[in-house]
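**Student:** Dumping the structure here so I can ask a few things about it.
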Ligand SMILES: C[S@@+](CC[C@H](N)C(=O)[O-])C[C@H]1O[C@@H](n2cnc3c(N)ncnc32)[C@H](O)[C@@H]1O
(Lines of atoms letter the chains of each structure in order from A; the text may use other names.)
(Lines give C-alpha, C1' and ligand atoms only; values in the text may rest on other atoms or scores of the structure.)
Protein backbone atom coordinates (compact mmCIF):
# COMPACT_ATOMS: atom_id res chain seq x y z
CA UNK A 1 0.00 0.00 0.00
CA UNK A 2 1.22 3.54 -0.70
CA UNK A 3 1.28 6.20 1.97
CA UNK A 4 1.46 9.93 2.23
CA UNK A 5 3.00 11.74 5.18
CA UNK A 6 2.89 15.29 6.43
CA UNK A 7 5.89 16.66 8.37
CA UNK A 8 5.08 19.67 10.51
CA UNK A 9 7.47 22.03 12.27
CA UNK A 10 6.36 22.30 15.87
CA UNK A 11 7.69 23.28 19.27
CA UNK A 12 6.98 22.61 22.93
CA UNK A 13 3.82 24.69 22.82
CA UNK A 14 2.32 23.10 19.72
CA UNK A 15 3.65 19.53 19.37
CA UNK A 16 0.93 17.79 21.40
CA UNK A 17 -1.85 19.82 19.77
CA UNK A 18 -0.48 18.97 16.31
CA UNK A 19 -0.41 15.30 17.28
CA UNK A 20 -4.01 15.38 18.50
CA UNK A 21 -5.18 17.19 15.36
CA UNK A 22 -3.43 14.66 13.11
CA UNK A 23 -5.18 11.84 14.99
CA UNK A 24 -8.48 13.67 14.65
CA UNK A 25 -7.81 14.03 10.91
CA UNK A 26 -7.51 10.23 10.66
CA UNK A 27 -3.75 9.69 10.75
CA UNK A 28 -2.74 6.03 10.93
CA UNK A 29 0.21 7.00 13.11
CA UNK A 30 1.85 10.08 14.57
CA UNK A 31 5.57 10.26 15.31
CA UNK A 32 7.67 13.00 16.91
CA UNK A 33 11.28 13.55 15.95
CA UNK A 34 13.80 16.05 17.13
CA UNK A 35 14.05 18.39 14.18
CA UNK A 36 17.84 18.32 14.51
CA UNK A 37 17.59 14.66 13.51
CA UNK A 38 18.94 13.25 16.73
CA UNK A 39 17.20 10.25 18.25
CA UNK A 40 13.80 10.16 18.57
CA UNK A 41 10.73 10.59 20.59
CA UNK A 42 9.47 7.98 22.94
CA UNK A 43 8.76 10.11 25.97
CA UNK A 44 8.35 8.63 29.42
CA UNK A 45 4.71 8.86 30.26
CA UNK A 46 3.85 12.13 31.94
CA UNK A 47 6.79 13.99 30.42
CA UNK A 48 6.35 16.85 28.03
CA UNK A 49 8.03 17.20 24.66
CA UNK A 50 10.48 20.03 25.20
CA UNK A 51 12.59 20.29 22.10
CA UNK A 52 12.58 23.79 20.73
CA UNK A 53 12.09 22.36 17.26
CA UNK A 54 10.20 19.15 16.95
CA UNK A 55 8.97 17.62 13.74
CA UNK A 56 5.62 15.90 14.04
CA UNK A 57 4.93 13.38 11.31
CA UNK A 58 1.44 12.14 10.46
CA UNK A 59 0.99 9.16 8.19
CA UNK A 60 -2.10 8.77 6.00
CA UNK A 61 -3.24 6.40 3.28
CA UNK A 62 -2.18 7.75 -0.11
CA UNK A 63 -5.68 8.78 -1.18
CA UNK A 64 -6.33 10.82 2.00
CA UNK A 65 -7.48 14.41 1.47
CA UNK A 66 -4.39 16.27 2.72
CA UNK A 67 -6.01 19.68 2.06
CA UNK A 68 -8.54 18.77 4.75
CA UNK A 69 -5.70 17.82 7.13
CA UNK A 70 -3.98 21.18 6.55
CA UNK A 71 -7.28 23.02 6.99
CA UNK A 72 -7.87 21.27 10.31
CA UNK A 73 -4.37 22.15 11.53
CA UNK A 74 -4.88 25.79 10.54
CA UNK A 75 -7.97 26.01 12.75
CA UNK A 76 -5.60 25.87 15.76
CA UNK A 77 -4.88 29.41 17.05
CA UNK A 78 -1.11 28.97 17.20
CA UNK A 79 -0.82 27.31 13.80
CA UNK A 80 -3.14 29.30 11.62
CA UNK A 81 -0.60 31.98 10.64
CA UNK A 82 2.63 30.00 10.81
CA UNK A 83 2.02 26.40 9.80
CA UNK A 84 5.21 25.06 8.20
CA UNK A 85 4.75 21.64 6.65
CA UNK A 86 5.88 19.31 3.89
CA UNK A 87 3.79 16.57 2.30
CA UNK A 88 5.61 13.51 0.92
CA UNK A 89 4.58 10.34 -0.90
CA UNK A 90 6.09 7.23 0.69
CA UNK A 91 6.65 3.63 -0.13
CA UNK A 92 5.28 1.33 2.56
CA UNK A 93 8.70 0.08 3.57
CA UNK A 94 10.17 3.60 3.98
CA UNK A 95 7.57 4.52 6.51
CA UNK A 96 7.83 1.20 8.32
CA UNK A 97 11.58 1.61 8.74
CA UNK A 98 11.27 5.15 10.10
CA UNK A 99 8.42 4.24 12.42
CA UNK A 100 10.14 1.13 13.79
CA UNK A 101 13.28 3.15 14.56
CA UNK A 102 11.16 5.52 16.63
CA UNK A 103 9.25 3.08 18.84
CA UNK A 104 11.00 2.05 22.08
CA UNK A 105 9.88 0.15 25.21
CA UNK A 106 7.81 2.20 27.66
CA UNK A 107 7.04 1.44 31.32
CA UNK A 108 3.60 1.95 32.89
CA UNK A 109 3.27 1.91 36.66
CA UNK A 110 5.53 -0.47 38.60
CA UNK A 111 5.50 -3.65 36.60
CA UNK A 112 4.08 -3.22 33.10
CA UNK A 113 6.17 -2.62 29.98
CA UNK A 114 4.99 -2.25 26.39
CA UNK A 115 7.87 -3.45 24.20
CA UNK A 116 8.05 -3.19 20.40
CA UNK A 117 8.27 -6.79 19.26
CA UNK A 118 11.53 -6.12 17.34
CA UNK A 119 13.46 -4.72 20.33
CA UNK A 120 15.14 -6.23 23.39
CA UNK A 121 13.06 -6.44 26.56
CA UNK A 122 14.57 -4.09 29.19
CA UNK A 123 13.38 -6.08 32.24
CA UNK A 124 12.67 -9.80 31.71
CA UNK A 125 11.08 -10.03 35.19
CA UNK A 126 8.49 -7.35 34.44
CA UNK A 127 5.07 -7.91 32.85
CA UNK A 128 6.06 -7.44 29.22
CA UNK A 129 3.61 -6.96 26.36
CA UNK A 130 5.26 -7.45 22.98
CA UNK A 131 3.57 -5.22 20.49
CA UNK A 132 3.46 -4.53 16.79
CA UNK A 133 0.39 -2.36 16.22
CA UNK A 134 0.43 -2.87 12.44
CA UNK A 135 -2.05 -0.36 11.09
CA UNK A 136 -4.12 -0.23 14.28
CA UNK A 137 -4.04 2.48 16.93
CA UNK A 138 -2.36 1.70 20.22
CA UNK A 139 1.37 1.74 20.98
CA UNK A 140 1.21 3.27 24.45
CA UNK A 141 2.72 6.58 23.33
CA UNK A 142 -0.65 8.34 23.28
CA UNK A 143 -1.86 9.75 26.60
CA UNK A 144 -5.26 8.06 26.29
CA UNK A 145 -3.71 4.59 25.99
CA UNK A 146 -1.29 5.43 28.81
CA UNK A 147 -4.14 6.46 31.11
CA UNK A 148 -5.88 3.12 30.51
CA UNK A 149 -2.68 1.07 30.90
CA UNK A 150 -1.89 2.73 34.22
CA UNK A 151 -5.44 2.08 35.42
CA UNK A 152 -5.25 -1.60 34.41
CA UNK A 153 -1.89 -1.93 36.13
CA UNK A 154 -3.44 -0.67 39.37
CA UNK A 155 -6.34 -3.21 39.36
CA UNK A 156 -6.49 -6.78 40.63
CA UNK A 157 -7.28 -8.54 37.36
CA UNK A 158 -6.67 -12.10 38.52
CA UNK A 159 -9.15 -14.44 36.86
CA UNK A 160 -11.23 -11.54 35.50
CA UNK A 161 -13.00 -11.20 32.15
CA UNK A 162 -12.08 -7.93 30.44
CA UNK A 163 -13.72 -6.15 27.51
CA UNK A 164 -11.44 -3.94 25.42
CA UNK A 165 -14.02 -1.77 23.62
CA UNK A 166 -12.28 -0.15 20.63
CA UNK A 167 -9.37 -2.56 20.96
CA UNK A 168 -7.14 -1.17 18.15
CA UNK A 169 -3.84 -3.05 18.42
CA UNK A 170 -5.22 -5.04 21.38
CA UNK A 171 -2.76 -3.31 23.68
CA UNK A 172 -5.14 -2.84 26.62
CA UNK A 173 -6.77 -6.27 26.58
CA UNK A 174 -3.48 -8.10 26.08
CA UNK A 175 -1.91 -6.09 28.91
CA UNK A 176 -4.90 -7.11 31.06
CA UNK A 177 -4.30 -10.80 30.30
CA UNK A 178 -0.60 -10.45 31.06
CA UNK A 179 -1.57 -8.77 34.33
CA UNK A 180 -3.67 -11.79 35.31
CA UNK A 181 -7.04 -11.58 33.51
CA UNK A 182 -8.51 -14.89 32.41
CA UNK A 183 -10.28 -13.75 29.25
CA UNK A 184 -10.27 -10.70 27.00
CA UNK A 185 -12.97 -9.77 24.50
CA UNK A 186 -11.87 -7.15 21.98
CA UNK A 187 -14.47 -5.20 20.02
CA UNK A 188 -13.69 -2.82 17.17
CA UNK A 189 -15.39 -1.41 14.11
CA UNK A 190 -12.15 -1.76 12.13
CA UNK A 191 -11.31 -5.26 10.83
CA UNK A 192 -7.59 -4.30 10.74
CA UNK A 193 -7.77 -3.71 14.51
CA UNK A 194 -9.17 -7.19 15.08
CA UNK A 195 -6.39 -8.65 12.94
CA UNK A 196 -3.70 -6.66 14.80
CA UNK A 197 -5.15 -7.75 18.18
CA UNK A 198 -5.04 -11.42 17.17
CA UNK A 199 -1.46 -11.05 15.86
CA UNK A 200 -0.38 -9.40 19.10
CA UNK A 201 -2.14 -12.03 21.20
CA UNK A 202 -0.20 -14.71 19.32
CA UNK A 203 3.01 -12.77 19.80
CA UNK A 204 2.38 -12.80 23.55
CA UNK A 205 1.30 -16.44 23.74
CA UNK A 206 -2.20 -15.50 24.98
CA UNK A 207 -4.32 -16.14 21.88
CA UNK A 208 -6.31 -18.83 23.73
CA UNK A 209 -7.61 -16.15 26.13
CA UNK A 210 -8.69 -13.62 23.54
CA UNK A 211 -11.74 -13.26 21.30
CA UNK A 212 -12.34 -10.36 18.92
CA UNK A 213 -15.56 -9.19 17.29
CA UNK A 214 -16.99 -6.51 15.09
CA UNK A 215 -19.80 -4.86 17.10
CA UNK A 216 -22.47 -6.44 14.89
CA UNK A 217 -21.10 -9.95 15.61
CA UNK A 218 -20.45 -9.74 19.32
CA UNK A 219 -22.19 -12.40 21.44
CA UNK A 220 -24.14 -11.60 24.61
CA UNK A 221 -22.01 -11.61 27.74
CA UNK A 222 -21.07 -9.49 30.73
CA UNK A 223 -17.55 -8.84 32.00
CA UNK A 224 -15.86 -7.90 35.28
CA UNK A 225 -13.89 -5.06 33.67
CA UNK A 226 -14.48 -2.80 30.66
CA UNK A 227 -11.85 -0.50 29.16
CA UNK A 228 -13.00 1.78 26.36
CA UNK A 229 -10.52 4.15 24.78
CA UNK A 230 -12.67 5.63 22.03
CA UNK A 231 -13.79 9.26 21.84
CA UNK A 232 -16.17 11.25 24.07
CA UNK A 233 -18.99 11.28 21.53
CA UNK A 234 -19.23 7.48 21.02
CA UNK A 235 -18.74 6.99 24.77
CA UNK A 236 -21.80 9.17 25.34
CA UNK A 237 -23.87 7.77 22.47
CA UNK A 238 -23.04 4.11 23.23
CA UNK A 239 -23.34 4.34 27.02
CA UNK A 240 -26.16 1.79 27.26
CA UNK A 241 -24.25 -0.68 25.04
CA UNK A 242 -21.04 -0.21 27.01
CA UNK A 243 -22.76 -0.41 30.41
CA UNK A 244 -24.62 -3.53 29.21
CA UNK A 245 -21.26 -5.31 28.88
CA UNK A 246 -20.38 -4.75 32.54
CA UNK A 247 -21.52 -6.84 35.52
CA UNK A 248 -22.94 -5.03 38.57
CA UNK A 249 -19.95 -4.31 40.81
CA UNK A 250 -17.65 -4.44 37.77
CA UNK A 251 -15.17 -1.70 36.97
CA UNK A 252 -14.88 0.53 33.93
CA UNK A 253 -12.23 2.94 32.61
CA UNK A 254 -12.90 5.21 29.64
CA UNK A 255 -10.53 7.50 27.78
CA UNK A 256 -10.20 9.36 24.50
CA UNK A 257 -11.90 12.19 26.37
CA UNK A 258 -10.52 15.73 26.22
CA UNK A 259 -10.48 17.63 29.51
CA UNK A 260 -13.36 19.89 28.51
CA UNK A 261 -15.48 16.84 27.57
CA UNK A 262 -14.91 14.85 30.77
CA UNK A 263 -17.83 16.27 32.74
CA UNK A 264 -20.31 15.54 29.93
CA UNK A 265 -19.18 11.89 29.85
CA UNK A 266 -19.24 11.65 33.66
CA UNK A 267 -22.78 13.11 33.72
CA UNK A 268 -24.10 10.37 31.42
CA UNK A 269 -22.47 7.53 33.37
CA UNK A 270 -23.02 8.81 36.90
CA UNK A 271 -26.53 7.31 37.39
CA UNK A 272 -25.03 3.87 36.76
CA UNK A 273 -21.40 4.17 37.90
CA UNK A 274 -19.88 5.17 41.24
CA UNK A 275 -17.27 7.45 39.70
CA UNK A 276 -13.63 7.79 40.81
CA UNK A 277 -11.76 11.06 40.56
CA UNK A 278 -11.17 11.97 36.92
CA UNK A 279 -7.51 11.39 35.93
CA UNK A 280 -5.78 13.88 33.63
CA UNK A 281 -2.72 13.55 31.40
CA UNK A 282 -1.91 16.44 29.08
CA UNK A 283 -5.16 17.43 27.38
CA UNK A 284 -6.71 14.00 27.94
CA UNK A 285 -8.67 12.42 30.78
CA UNK A 286 -9.79 9.06 32.09
CA UNK A 287 -13.25 8.60 33.59
CA UNK A 288 -13.49 5.44 35.70
CA UNK A 289 -15.61 3.85 38.39
CA UNK A 290 -17.61 0.87 39.65
CA UNK A 291 -21.01 -0.21 38.31
CA UNK A 292 -23.78 0.21 40.85
CA UNK A 293 -25.69 -2.95 41.81
C1 LIG B 1 -8.08 5.53 20.16
S2 LIG B 1 -8.13 3.92 19.47
C3 LIG B 1 -7.79 2.93 20.93
C4 LIG B 1 -6.98 1.70 20.65
C5 LIG B 1 -6.47 0.98 21.90
N6 LIG B 1 -7.55 0.41 22.68
C7 LIG B 1 -5.66 1.93 22.78
O8 LIG B 1 -6.08 2.20 23.89
O9 LIG B 1 -4.63 2.43 22.32
C10 LIG B 1 -9.88 3.73 19.28
C11 LIG B 1 -10.31 2.44 18.62
O12 LIG B 1 -11.73 2.38 18.75
C13 LIG B 1 -12.28 1.93 17.55
N14 LIG B 1 -13.67 2.45 17.54
C15 LIG B 1 -14.08 3.70 17.26
N16 LIG B 1 -15.42 3.78 17.40
C17 LIG B 1 -15.85 2.55 17.79
C18 LIG B 1 -17.14 1.99 18.07
N19 LIG B 1 -18.24 2.72 17.97
N20 LIG B 1 -17.22 0.70 18.43
C21 LIG B 1 -16.08 -0.06 18.52
N22 LIG B 1 -14.84 0.41 18.23
C23 LIG B 1 -14.73 1.69 17.87
C24 LIG B 1 -11.37 2.49 16.47
O25 LIG B 1 -11.46 1.72 15.28
C26 LIG B 1 -10.00 2.37 17.14
O27 LIG B 1 -9.37 1.14 16.85
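For all residues, glycine too, the Cβ spot is worked out from N, Cα and C.
All annotation found in TrEMBL is predicted automatically rather than curated by experts.
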**Student:** Pick the one from 120, 188, 190 that TrEMBL also lists for the S-adenosyl-L-methionine site with 145, 166, 229.
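**Tutor:** TrEMBL names 188 for this S-adenosyl-L-methionine site.
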**Student:** Helix, strand or coil by DSSP: which one applies to residue 145 (S-adenosyl-L-methionine binding site)?
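**Tutor:** Residue 145 (S-adenosyl-L-methionine binding site) sits in a helix per DSSP.
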**Student:** With H, G and I counted as helix, E and B as strand and the rest as coil, say where DSSP puts residue 166 (S-adenosyl-L-methionine binding site).
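**Tutor:** Where residue 166 (S-adenosyl-L-methionine binding site) sits, the three-state DSSP reduction gives coil.
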